[in-house]
Amino acid sequence: MAEGLERVRISASELRGILATLAPQAGSRENMKELKEARPRKDNRRPDLEIYKPGLSRLRNKPKIKEPSGSEEFKDEIVNDRDCSAVENGTQPFKDVCKELNNQQQNGPIDPENNRGQESFPRTAGQEDRSLKMIKRTKKPDLQIYQPGRRLQTVSKESASRVEEEEILNQVEQLRVEEDECRGNVVKEEVVNKPDRAEIEKSPGGDRVRAAKGEKGKRIEKGEGMRKTNDDPAQGKPGSAKRYSRSDKRRNRYRTCSTSSAGSNNSAEGAGLTDNGCRRRRQDRTKERPRLKKQVSVSSTDSLDEDRIDEPDGLEPRRSSERKKHLERNWSGRGEGEQKSNGKENRGTLRVTFDAEAMNKESPMVRSARDDMDRGKPDKGLSSGGKGSEKQESKNPKQELRGRGRGILILPAHTTLSVNSAGSPESAPLGPRLLFGSGSKGPRSWGRGGTTRRLWDPNNPDQKPALKTQTPQLHFLDTDDEVSPTSWGDSRQAQASYYKFQNSDNPYYYPRTPGPASQYPYTGYNPLQYPVGPTNGVYPGPYYPGYPTPSGPYVCSPLPASTMSPEEVEQHMRNLQQQELHRLLRVADNQELQLSNLLSRDRISPEGLEKMAQLRAELLQLYERCILLDIEFSDNQNVDQILWKNAFYQVIEKFRQLVKDPNVENPEQIRNRLLELLDEGSDFFDSLLQKLQVTYKFKLEDYIDGLAIRSKPLRKTVKYALISAQRCMICQGDIARYREQARDTANYGKARSWYLKAQHIAPKNGRPYNQLALLAVYTRRKLDAVYYYMRSLAASNPILTAKESLMSLFEETKRKAEQMEKKQHEEFELSPDQWRKGKKSTFRHVGDDTTRLEIWIHPSHPRSSQGTESGKDSEQENGLGSLSPSDLNKRFILSFLHAHGKLFTRIGMETFPAVAEKVLKEFQVLLQHSPSPIGSTRMLQLMTINMFAVHNSQLKDCFSEECRSVIQEQAAALGLAMFSLLVCRCTYLLKESAKAQLSSPEDQDDQDDIKVSSFVPDLKELLPSVKVWSDWMLGYPDTWNPPPTSLDLPSHVAVDVWSTLADFCNILTAVNQSEVPLYKDPDDDLTLLILEEDRLLSGFVPLLAAPQDPCYVEKTSDKVIAADCKRVTVLKYFLEALCGQEEPLLAFKDGKYVSVAPAPDTMGKEMVSQEGTRLEDEEEDVVIEDFEEDSEAEGSGGEDDIRELRAKKLALARKIAEQQRRQEKIQAVLEDHSQMRQMELEIRPLFLVPDTNGFIDHLASLARLLESRKYILVVPLIVINELDGLAKGQETDHRAGGYARVVQEKARKSIEFLEQRFESRDSCLRALTSRGNELESIAFRSEDITGQLGNNDDLILSCCLHYCKDKAKDFMPTSKEEPIRLLREVVLLTDDRNLRVKALTRNVPVRDIPAFLTWAQVG
């Protein structure tokens, strides 16, 4: 406070100069009013706050000067100062002030003790008596306003420049004493001598007045960094502050009482006016209320600002300067210096008046002088913390609002004390209204009269200004947390209130965002208790905690130029906008919580329905406002989905639940409510779509083209707006779908239209495809459902729940396919004679056991064990050919989905070749029909599903480009096979088109080329699918080059893909695609050509890598023919690309294209190689038998050998006898059980499990079985390990060395055979662990069998049992007389008697290899 009050010190010369300058202008009271009216207030702003400028006239630490030697020198100085101020218009005093400021900065930190010493000067007894006499005369509280803390002047320590300072202070004091003696005449003198505003501010006193305004309310005892550097022991305890609470207003413990009314809102005179008892009582009162602060009331000090309305204008400037001077002197002398000075010397009364307008406006010269003074300041710290002028400036706003003086203020006559004098709203008393006014509430503010203190002006007793407007007494709460801003009204920016809880509904919730930007557009409090830097570039940051930020020019005058860059301003405004958006979302969350609680009830009353409608309306308004304010923020916060879920989805589901509830009283009323809600939603989203287009300036018609990649980049806001528009369209489709379900209808055309529009806006989003799949499921179109679910998974942002939906679809398809297969078998078995004939040939009894019956069914025909494959094929072909196109199409779709279900689920892949063969046969027959029953769109869906199967089955963690999984190769083989059949059909149709063109008379001129316009309709239907698959092949060459292993298909179905493509390329070269010219670059008369298949498959991930070059055609050209020309051009480029591969697949030789692709391992070559291997094995068998006979003859000579052989014979005989007894017991048990129930085994051999002896003795036979491609050879891992052990050789007896070498060689050949086949990834060969895990490679074939029960034979048998999945519900008959029927697809191939017996006990079919070869008719 002392720092602020020191600014109002006015020298005598300055005051004399003011009086001399304004003497000619002295006039009547009306002239003063006219002068005041010339400065009107703008927007009800208070002009008394405008004067503040941070960082000016810090004149606290002036150098001290010696006292003048005599009164003559003092008088001469007064005259000189008066002349200077009158002639030079205040220029020199400003230079002196700058000089003093430079000296102050050079002297270092500010010393409060020095300040007191600087302002102390001797006073005479007469002056003291006159001061006391004046105080007694002006004792009434309505005339005097007391400011607390009047200082006692002290003699400070030594200072080099003290003489000059004290000389000025003595002059001011002498002037003040003279004015006290003629109190009654001063008022008139001030009216006459009212100075001009500009001339006042040109003088040094005017500068100090402005400095005092900037420093008002600042207490010298505040515990801050600049006070800590003062080590002067004379300062004492009152000058240092240890507290950091912002609400604790500490006062001088030696503060004296006043002779004025105790109820006044300001303090009394200094220590010289009272005795020690009064001082102690005031100290006690301060201790009792240490935290009372910033009280706002209509008491004496609060009325200062309002009183200025009715007071004479001429009194304002003089009175204002005098009051500031008096308050500065009273405050600057507080502390220890009060005790050291002569307390009875300072008893004069300073009368200071305030001009509400003059205080807030500056003349240009004053502003320039202020700028000069700012420039004259060196960048040195003015505080102990070493802060510069910026820090000091940022501190001034805080100092301004805590003014509390201790002098006596003589209010002029006719002073209006109403709270709305400045035209401010009623909230104005809550903020800092006066320079030393309402913000300076001390402990005495709660004296007699409280906050509604009445003030009377003796000169105008009829007027009672204090009763004009009164504010309610404040309710004080916690004073420690005072960082909340408050509102000032509409006409001014928000300023910090004196107390946080005055007009705040929720004072504890004012969040502040970290960073350079302010939380709100108005200034507030800084929560820190230590000095901080500026918070933004517009307003200087608060320096002290709990103090309001700058008032004055930042409220009432135009804002100064911002130092923030445009980017920072934009970010600042964006932060503010996001805060508003977060607030809206918080409000919406609250509303949604109420709505959810309402919907959670079992029954909803009519009042609840009305409340629900109200909450929904508020939610829609809040969410719509968020979307239209900041579309990017809304997308990040997912406001679109939250809007749909909270305002529509949960309400719709509640109504649907109530409609289905049988206990609901009036379901029709609920249904009508539901339909009204759906209509409301449709209208809302239609409106939102229009508002999005208007707000973000785009048209939806320009973007519903289905392009995933655009030539020109979109604006950021348009991109987000398109995403929001797509979600709105999806919501429209959902509403249309719910409407159909509510009406119990199934016309989903409108919903499908909305979903397709949404897909065209952003094709990479998977949500529209998922919704389209739902519609396909509702309408039982399984192919469409699978297609859209796959599109949903193969999108840039996939819908992962589609995977579960696909799993359920494929499971249902599998059941239907099995039912269809069973139905076909029943149709084949209509003839009972053939069935009995075939049945008798397949029955075989096991020994003499009549209770066990095995029915062996050959895989070539379901009715007979004998039959040819050709007969089966011709019969099935005749059956497919006899079907209608629609029935054939249904059967094909079912088979196609069944095959892809195996590829997707990877279950039942052992039957995939058979299912794929069926798919290809039906597809081939379908293509023969004209017109094609599939259609262009359905054909595109088939190709898309094939692409997805290859894409979905690729290895995720494989970094090698040549690495492909078995599932991926099978999926690629199926796709290429269907593509080859499609290309064959196109080649045939192209030839037909060429023949038709030759027969056409108008095309005889050009017989060599085939015109695109002459294409037959079936060819036009197929070309888009061929083009799309070729695009995929160009984008992913690693999936088909080198070519994958082809499926094992019959010769009439298996087609060489690359030979077919070569033939297609030869016929395609004859097509003239230049019938419609195509252009690469755009032009004014050209238009972009978009193919229908490209638009339909836009956003499909497997096709994103395909080349997508734009193509332009003339606007007048035929778009249909132009599209076919583009397709032909793309196909020609694709076929040329096959010739340009690193390993070319096509080549141009002898004037035509031929296939140069490496031929896969065909069945013929394998047959030849395996036949040669079989002959070699037979020759080796003969040699082995001869070698065994020779070895026996050689070993029969010795007697020891004979005895050993006899002993072995006896041991074997005993062992055989034991086994026979065991077998008899087993047979007896079986007979006992078989008397009650007969068992039938239906054996359809598919999996063949050989043991180790089978590879040693019958390797060639196993190779023939493998080459037949009818069976899958399953090799247990334990058999491979045994073969490895035999191949290494373990000779323990030299006499058996020859046979061991033979066995070792056969085992080695078996291992080589298996490794070769596994390396080539033979689909009919697989390895199986003892736990039932299939292996695609035997590179790692060691198995840990610890914990496995039994020997190796048991492990082999466990592999067979892996394929025997018996379920009681499947084989147990309904009646006791019927036999138990078991289905077996596995056969154990072994000669081991023990293993065969174990297999029979477990109902596992078993045969030796030669017998099975005879039955299977292989070899």
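Cβ from N, Cα, C; glycine included.
The Mn(2+) binding site annotation in Swiss-Prot covers D1251, D1353, D1392. The compositional bias 'Basic and acidic residues' annotation in Swiss-Prot covers 30-51, 64-77, 182-231, 328-348, 368-380, 388-403. Per Swiss-Prot, compositional bias 'Low complexity' is recorded for 258-272. Residues or ranges marked as compositional bias 'Basic residues' in Swiss-Prot: 279-294. According to Swiss-Prot, the compositional bias 'Acidic residues' annotation covers 303-314. Taken from Swiss-Prot, the feature domain 'PINc' applies to 1246-1397. The feature phosphoserine is assigned by Swiss-Prot to S203, S332, S484, S831, S870, S874. Here Swiss-Prot flags R406, R433 as omega-N-methylarginine. Sequence annotations record features per position, and here Swiss-Prot assigns phosphothreonine to T471, T479 based on similarity to another entry. Per Swiss-Prot, region 'Disordered' is recorded for 26-77, 99-167, 179-405, 419-470, 854-883. Marked as region 'EJC-binding motif 2' by Swiss-Prot: 133-153.
Annotated features, which come from Swiss-Prot, shown on the structure.
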residue: D1251; record: Mn(2+) binding site; Cβ neighbours (10 Å): 25
residue: D1353; record: Mn(2+) binding site; Cβ neighbours (10 Å): 18
residue: D1392; record: Mn(2+) binding site; Cβ neighbours (10 Å): 18
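Residues D1251, D1353, D1392 make up the record's Mn(2+) site, and a Cβ search at 8 Å around their centroid adds T1252, N1253, N1352, I1356, T1390, N1394, L1395, R1396 from the same chain. Taken as a whole, the region 'EJC-binding motif 2' (133-153) shows an average pLDDT of 43 in this prediction. Taken residue by residue with DSSP, D1251 (Mn(2+) binding site) is part of neither helix nor strand, so it is coil.
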